[in-house]
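Peer 1: These came from TrEMBL, pasted as-is:
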type	residues	note
ACT_SITE	His537	active site
ACT_SITE	His583	active site
ACT_SITE	Asp638	active site
Amino acid sequence: MAFFRSVAALSKLRSRLAQQSTTLGSVRWLQVQSSSDLDLRSQLQDLIPEQQERLKKLKSEHGKVQLGNITVDMVIGGMRGMIGLLWETSLLDADEGIRFRGLSIPECQKLLPSAVKGGEPLPEGLLWLLLTGKVPSEEQTDALSKELRSRSKVPDHVFKAINALPVAAHPMTQFATGVMALQVESEFQKAYDKGMPKAKFWEPTYEDCMNLVARLPVVASYVYRRIYKDGKVIPADDSLDYGANFSHMLGFDDPKMQELMRLYVTIHSDHEGGNVSAHTGHLDLRSQLQDLIPEQQERLKKLKSEHGKVQLGNITVDMVIGGMRGMIGLLWETSLLDADEGIRFRGLSIPECQKLLPSAVKGGEPLPEGLLWLLLTGKVPSEEQTDALSKELRSRSKVPDHVFKAINALPVAAHPMTQFATGVMALQVLGTYLRGLYEFSCSASSCGFLCLSQVVIYKDGNAIPADDSLDYGANFSHMLGFDDPKMQELMRLYVTIHSDHEGGNVSAHTGHLVASALSDPYLSFAAALNGLAGPLHGLANQEVLLWIKSVVEECGENITTNQLKDYVWKTLNSGKVVPGFGHGVLRKTDPRYTCQREFALKHLPDDPLFQLVSKLYEVVPPILTELGKVKNPWPNVDAHSGVLLNHFGLTEARYFTVLFGVSRSIGIGSQLVWDRALGLPLERPKSVTMDWLENYCKNVA
């Protein structure tokens with residue numbers, strides 16, 4: 001009750017302050033108009049320095065002032081640290097790092113099924129973990145991999161939309177366009193228009209999300225081969241898992257690259273033990289969810305009724321100004337990120353996911369299909385369940401021609417992410433939601449679609465057909481044009497560790513926010529891709545590789561430690577940052593970086609760029625610590641991924657974010673299914689002006 005009394009008091013105070021601030025604001029605006037001409041830019045040139053100083057003063061003098069249970073820090077700090085979203089798939093800790101469903105990256109690597117013995121987790125296993133919170137068995141992961149392959153056909157309009165962009169367009173531009181092109185097939189939109197009951201919203205959402213995850217590697221590899229490989233598309237290989245197929249479609253068939261791809265995708269999973277039951281629906285992911293959802297609905301209802309008024313901390317002016325950083329405000333079931341430990345997928349660390357989730361090869365990286373099962377159900381799937389899901393995704397992966405046409409309508413030079421988003425939008429027309437089908441179908445079909453649509457972009461329109469014998473990651477790799485088993489393993493790893501990172505990051509939060517308005521999964525994911533394409537989020541991995549290559553260009557591959565130190569200081573003294581170091585939440589080395597380093601030590605220890613990355617690991621943190629301006633001087637996931645991809649031949653840095661986007665579909669899609677299943681409401685936070693904050697702080701002083 002104290003919280004609501006505070007809110008009521010604030011509401012009354014706000015009414016009084018609004019009258020004061022309105023008058024003051026009007027006078028100030030009239031003064032600006034009278035002292036400047038009609039040119040907007042000149043007005044901004046006068047106003048901006050003043051407002052910058054005003055904000056700086058407000059934060060320094062009143063940043064710790066509490067706004068009831070919400071403080072000025074939260075308002076100023078961008079809500080960081082404010083609990084406002086339910087995000088089940090992962091949780092990020094400043095020191096520990098990300099945990100997918102409670103599992104750290106090392107735990108995911110240990111627990112999730114892999115394609116080879118001791119290899120990286122299969123992304124399919126991570127998807128299972130994120131959706132379910134349980135580590136899938138090898139059978140479950142294999143089933144999910146098969147399901148994703150069955151869903152992976154991308155409609156033609158997605159590729160046409162991507163191809164409409166200039167070939168020189170950024171890979172993320174083309175990739176996002178492809179995602180946008182996929183949205184037209186949304187099952188959710190169709191079902192909603194037909195008046196589907198709210199209680200069943202999760203079903204078509206699932207369909208959209210699964211279709212999206214299945215099809216993203218296709219779209220991503222299409223973008224890659226369109227831009228960098230003269231459009232020579234490589235079809236999916238149905239014998240490969242999700243990560244290996246992704247690697248294959250990109251044009252990398254090195255087993256090490258496939259392992260890297262599996263690692264990239266799968267390290268965000270969870271593990272439960274998951275004995276295989278004998279009932280009829282045991283291999284069917286949808287039937288598993290039908291049993292789980294009522295139980296979780298009651299759990300949420302009880303939590304709200306018994307503990308709804310429990311306070312989770314205060315919100316300060318700094319938080320409001322600082323972008324809500326650190327503010328707890330989301331319920332996100334699939335993963336949880338700890339500052340020290342890192343991400344856990346459904347409670348499983350990355351090593352645990354790598355150990356428990358099914359893999360394509362014994363000891364290999366987890367299958368993305370297994371991760372999808374885990375994220376959706378919270379349980380580790382068996383090999384049979386993973387295989388069944390893999391088959392389902394393959395069955396859903398056929399992409400309508402209009403998707404490719406929409407992509408093809410874009411200039412080839414368009415950024416790969418633009419073409420990718422367009423392809424996603426083009427898929428929306430197939431959404432089951434409007435046909436009254438299930439969101440399960442929407443999600444699964446999406447997963448199947450995405451691999452195929454990306455292949456067209458990557459290979460300059462010369463698509464490589466999917467191989468139904470491959471798992472999700474391996475098929476993605478195959479369609480990109482990479483059939484090296486190592487590249488397939490890399491693709492499985494890549495998809496896994498990039499799949500989810502709890503709900504507060506830009507792409508995850510955007511997907512959740514847009515979906516809260518009941519926009520279908522295609523529309524929601526396309527929006528998330530556009531956020532991912534930003535330089536402060538998903539473009540960091542390409543910036544790291546470009547920076548590393550600039551070091552080699554200026555100093556040579558045999559750079560000494562002292563030369564490297566000088567170059568780092570030169571970068572910092574020029575006002576720039578060393579890309580790939582630091583994190584908004586983590587306070588230790590990102591577990592996703594660690595598992596990629598382990599992959600490199602195993603598969604490419606003599607690679608010159610990897611050796612340079614290793615030197616940077618030794619050189620940069622002490623320098624950043626010496627500066628004293630950063631909270632976390634340690635490397636993050638972006639510091640390593642580009643070098644691994646480059647080693648296996650995927651050298652086009654502008655395309656890297658597209659791979660990130662394909663991976664992230666697993667986590668966002670899994671959480672979206674649970675958003676609808678739990679009936680989470682429309683997101684609508686309150687905003688205030690600087691006038692309001694300044695007057696409030698004066699009145700409470």
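From the backbone N, Cα and C atoms, a Cβ is placed for every residue, glycine too.
Quick one: where do these features end up spatially?
Peer 2: In the three-state DSSP assignment, the secondary structure recorded for His537 (active site) is coil. His537 (active site): 15 other CB atoms within 10 A of its CB, across all protein chains.
Around His583 (active site), taking its Cβ as the centre, 26 other Cβ atoms fall within 10 Å, counting all chains.
In the three-state DSSP scheme, Asp638 (active site) falls into the helix class.
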Peer 1: Would you identify the secondary structure of His583 (active site) according to DSSP, in three states?
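Peer 2: Where His583 (active site) sits, the three-state DSSP reduction gives coil.
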